[in-house]
There are 2 protein chains.
Amino acid sequence: MSSSITYRGRYSEPVPTSNLVNDEEDFPEFEAFEDEEATPRAPYSASSLEVLQVEMSQKINKPNHFTSSYDLQNLVIRRGQEFMIRVSFNRIPEPSDDFQIEFLIGANPTLIKGSLVKVVFGPRAGGEGRWQGQVLEAQGGGALMIGITPAADAIVGKYRMYVAVSHGWGMQRTRRDATTDLYMLFNAWCPEDTVFLSDEAERQEYVLADYGTIYQGSVGSVGHRDWVYGQFERGVLDACIFLLDASRMPIYNRGDCIKLVRKGSAMVNSQDDSGVCVGNWSDDFSMGRSPTSWTGSVRILLQYANTGTPVSFAQCWVFAGVFNTFLRALGIPSRVVTNFNSAHDNTGNLKTDLIFKQDGSPDERNTRDSIWNYHCWNEVFMTRLDLPPGLGGWQVVDATPQETSDGHYRCGPAPVAAIKEGLLCHPYDVAFCFAEVNSDVVFHKRDKYGSLTPYRVEKTYVGRNICTKSVGSSRPYDITHTYKYPEGSVKDEQTMTRAEEYGCVRDHSDVPEIPLVVTITADQVYLGENVVLQVVFQNQGDGPRVIQAQLAGAIVYYTGVRAHRLRDRSFSVTVPANQSVTEVVTVAAEEYIPFLGSQLALYFMVTGQSDGQSVTAMKLVNLKTPKLTLMVSGAPQVNQEMFVTVSFTNSFNFPLRNVQLSMEGPGLMSSRSRHYSSIEPGSVITWKDSFFPRLVGPRALVAVMDCSNLRQIWGVIHVIITA
Amino acid sequence: MSSSITYRGRYSEPVPTSNLVNDEEDFPEFEAFEDEEATPRAPYSASSLEVLQVEMSQKINKPNHFTSSYDLQNLVIRRGQEFMIRVSFNRIPEPSDDFQIEFLIGANPTLIKGSLVKVVFGPRAGGEGRWQGQVLEAQGGGALMIGITPAADAIVGKYRMYVAVSHGWGMQRTRRDATTDLYMLFNAWCPEDTVFLSDEAERQEYVLADYGTIYQGSVGSVGHRDWVYGQFERGVLDACIFLLDASRMPIYNRGDCIKLVRKGSAMVNSQDDSGVCVGNWSDDFSMGRSPTSWTGSVRILLQYANTGTPVSFAQCWVFAGVFNTFLRALGIPSRVVTNFNSAHDNTGNLKTDLIFKQDGSPDERNTRDSIWNYHCWNEVFMTRLDLPPGLGGWQVVDATPQETSDGHYRCGPAPVAAIKEGLLCHPYDVAFCFAEVNSDVVFHKRDKYGSLTPYRVEKTYVGRNICTKSVGSSRPYDITHTYKYPEGSVKDEQTMTRAEEYGCVRDHSDVPEIPLVVTITADQVYLGENVVLQVVFQNQGDGPRVIQAQLAGAIVYYTGVRAHRLRDRSFSVTVPANQSVTEVVTVAAEEYIPFLGSQLALYFMVTGQSDGQSVTAMKLVNLKTPKLTLMVSGAPQVNQEMFVTVSFTNSFNFPLRNVQLSMEGPGLMSSRSRHYSSIEPGSVITWKDSFFPRLVGPRALVAVMDCSNLRQIWGVIHVIITA
């Protein structure tokens, strides 16, 4: 269907959806007034005011707008804040001279929709405009320093600019000049902007930090990795605008942060809309790069913009990392958040149902819900003018394609405050996010007829350690309290009641009180070590108990789905009244290593049966891995050659094959990769490379080593670059 | 990307999204209990209970469930209400006999998600099930009449059924039998169902009526046409389920009316998702059938289900008509609603901006918003458990692809009560619907520099005569009061204030009070007659006024977009103080007929200028057309041959070329079409055809004649069929 059919008869003009335009369709250089069309005259006389040159005053504007870091020839500014341009005329302008500066975005720009803006000077000044203009200084020789303040809700993207002088019978306009194009961003420094953030340290972190830490692993064994957001790197801002253009999002809506982030959450994944990243939760990444092998977002966004096709492959932290780059590049305060034991229920209720066979082993076939070991999403900071007071601030947005969020692969913005209060009745996707952090885990036993009986409800397993990188440091900042009141508190009960009033189905099964408790604990384990589990049975009853126990272990994907089943263990324990007995179970390294694949998580579930009663405990063990070693040398100065050395020793008893080692440092060096066909046990690799720092201040170099049997060995080094 | 990669590592099983399954994957006919697997035995002995036959008791169930009209071999029932099946055993069952009736929907059905349901009889009865079962009667010879009451929130769609008898060491199950498959619908008769509707006459209309009236035209000249919903016709219910399957909507969510209608609003249009209908608002329908040529939804849905590809072409009433069929077929109370002067603003604010040139003529290039002469959408009736109290009842859902509704081509459910109260803070798309009925029309004058000055705000033009067919009659029922408080009332002001608090941008331009008013009126005009306009200038000032007036006329699409511009008229009027002067302007038929194309709407706009002040009035004139004449003969009885004669006289002075004449009557005859290459002026066509009524009661036959220069000449005849 041609686009002409799509709009003909519906709109007078097609709705513009791209920053890329045929700029020959802009206004003509000389535009006669309508009432003068019949009598054309010479465009100007010797005394007419004429524009000789327009300068964008980058040296003044960039630091004022905190946009110095963008590796772009063109000016980047933030809306709602004055920027300066220097216009040189052929003579000194007089108060009677009538001229205007015109800003255009997208095709067929129009005043009424804000895609065409005119800032008027001279006799007509002070009229309709929502952008303000003033002459700051007459600089002699006919040059004026002019200040322009765009509206705080201006459309975000790439504008074309013209200066037009009125000659009474028409407008004489400057020629099209791509060097005066300017990029308009959201402005966290502007109180009138919906993304205003009052704290300067937070703005530095959430808008300007171009690398950060993403948390992974499991509760009790929280790991982390560094991620290069790289929003200032060459081509990245253009790639983010390309993404919006590829989504065909109307230009008119691109000043609205809610619509823009919602569209972004859809476009960062490739489902529905050929967006940026292709999700892949299998072990087979042969058609692309493994999700664990990326050092950051830059290569992904540039590849997408260069090819126009989705990039393979991503898992949740990649979606969140790329989305974070997109958000910060456009000036929206954002951060990557990790939720541990994240429930993923495809009916969106508050129950995560786990089903067990009669012998106590997990019934994988009938268990449909999953609990992700962790899940990463983003938060953006904004006011929510569309909602009642109290729901502004941090909002959950999630670009990972989870299938049931309102039928489309996107999610949010959902106010974190609405999640905390159980206010599921407001857009967008609050109920879905609420379930991710609040689901009850319901344990069912399946009898021989296939009927299910719930025997335990675990209310505190899901939604733990919700955390993000601290402002100004790489330590985790626990923000669980922003999502939930303390478990069991009055406020928590109120939230749950409210959520149920809004249709959230919760489990109220009558489960028996059993005077028997089982727990599993394990120390932190490095890959290659034996896993030692302490299974503790506690008998709170007044009689002794004989317990038949079944320990099921598995290597699991981080989505909680089983990749490989380990050997089951059955044992019997007798626990005297009011006592505990600890059974130590050792899983030898040799048992898991051959089947580990790329997974680093082992999952254990013990079910004990005694007198027809069942108890169950779960434990996730995340294997720790060694790090890459990075060293830098050379004078840490802008544009001075420096060197980085990355090294790794294979301390395992197995070889690493087809190893990819990648490295990048935003503002220091762009992404580079090396390939090693094999790293034998005990052998060492070392890679030294040089770079020329582009940006001053604290900087980081991130390296990641990845191969099919050992994923995501990473390292980072920090360096402070001076001018 | 293969589906195996899509789910591997994320889910233990792929999420089922289709009613079509490989039923060989259902349970085996003999399923040994797990603990018996090691010791197989003979499946049954001579004394074992054995199922001989299962009958679906259609004669009892169909009238009880109001599903007699569905032209289907299989049983159709409504959830939350008991239905009966007759199970014949090899002997008289005893209380100790243990058997269960199993209902399965979609692939990999599972108890926990409700896609597998077991209703248990015998010693294990009364367990977990949310569906209830009881033995109603032992009918001798081992036959039991069994009553099953599905849960009131059961999944909707096509279930497979088995009866399984427990033999102590396993379950003996009936063989797969497609004739016992049953269709489960929403139930407007069940107080526990979210779509419960208490009034029987309303249920008859909004669930069971299979044809109806859709209103079109313009304010003051409301036209109508009949539309065959045909939800009971052969293949239609299966086509509606096919549509859900094609959308890949998870089976698990298909009991949730909110999710289902939202998905339906996306799937009825082809945008995004290869849904049912391709929109086309141009004049060129050469690649398909013109939107005006359909008699109803049946052919469209069957063609979609048979080919799996979108059907060309539709405009709003076609989308609404097809969506209404989908909704009623699935048992959801629904109706087609028409909003006259429906605002369509692609930035979603409360302003529809019309721009005029200096001479008073409309500036089409710079006017981006449009006001549709009318727009049709649907309302569905349901409780909204996800929202605060008071927002249940009728909900707007709109399947017409309008571009900015949350970035996807779908809309709603938006509570009508939320629109009335300005509660834009709840899902879904309330703000968009609010603007459609409440926008202010802002008139701007564009000066020679391109700057805009608002000179008039019209607050009552948009959202008029909102109406739907009355219950039990074809008269329009005005429901404007359910969308809006009276203009200017205190409640109306409160609604507007609330809407603004929720971020809806409204115009507060200071427009001058002018003591001059202009209005246009016109009598109803038949196609081929001259259009006589009365342009009345009223001078409310104390001095005389000389007014320079400009009358612009155009043939417009029903979307308000101009198809052809008529000759402009300028005239001057002098109006004494405190008096009125009427200028009569006649537009001869010859002026519009050659350019009419398929459009039947003329749009006039007069702008008067006096002392630098402007006044404007708009008038839409809908040309009336003759009707087809239908006559029936023969005994009006089920399965008795009857005859229908449709005739038309070309009373115009131009020939009609390539004429398509179509006719259908739900429950009477399926759609038939004839083609006439030419109908010359003055000539008559007559088509007689026979049919055999299938359904009793009041029935209708609808005929539509359509050609490229005269659209949608229609007629209807009603007939009461007896048994």
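Backbone N, Cα and C define each Cβ position, glycine as well.
Here's what TrEMBL has on this protein:
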ACT_SITE  A:Cys316  active site
ACT_SITE  A:His375  active site
ACT_SITE  A:Asp398  active site
DOMAIN    A:308-401  domain 'Transglutaminase-like'
REGION    A:1-23  region 'Disordered'
Quiz item: Any idea what the model's mean pLDDT is for the domain 'Transglutaminase-like' (A:308-401)?
Solution: 92
Quiz item: Using DSSP, would you call A:Cys316 (active site) helix, strand or coil?
Solution: helix
Exercise. Take the C-alpha atoms of A:Cys316 (active site) and A:His375 (active site) and report the distance between them in angstrom, rounded.
Key: 6
Quiz item: Whole-number Å distance between the CA of A:His375 (active site) and the CA of A:Asp398 (active site)?
Solution: 10
Quiz item: If you draw a 10 Å sphere on the Cβ of A:His375 (active site), how many other Cβ atoms land inside?
Solution: 25
Quiz item: What is the number of residues in the domain 'Transglutaminase-like' (A:308-401) that are helix, strand and coil, as DSSP sees it?
Solution: 14 helix, 40 strand, 40 coil
Self-check item: For A:Asp398 (active site), the number of other Cβ atoms found within 10 Å of its own Cβ
Solution: 30
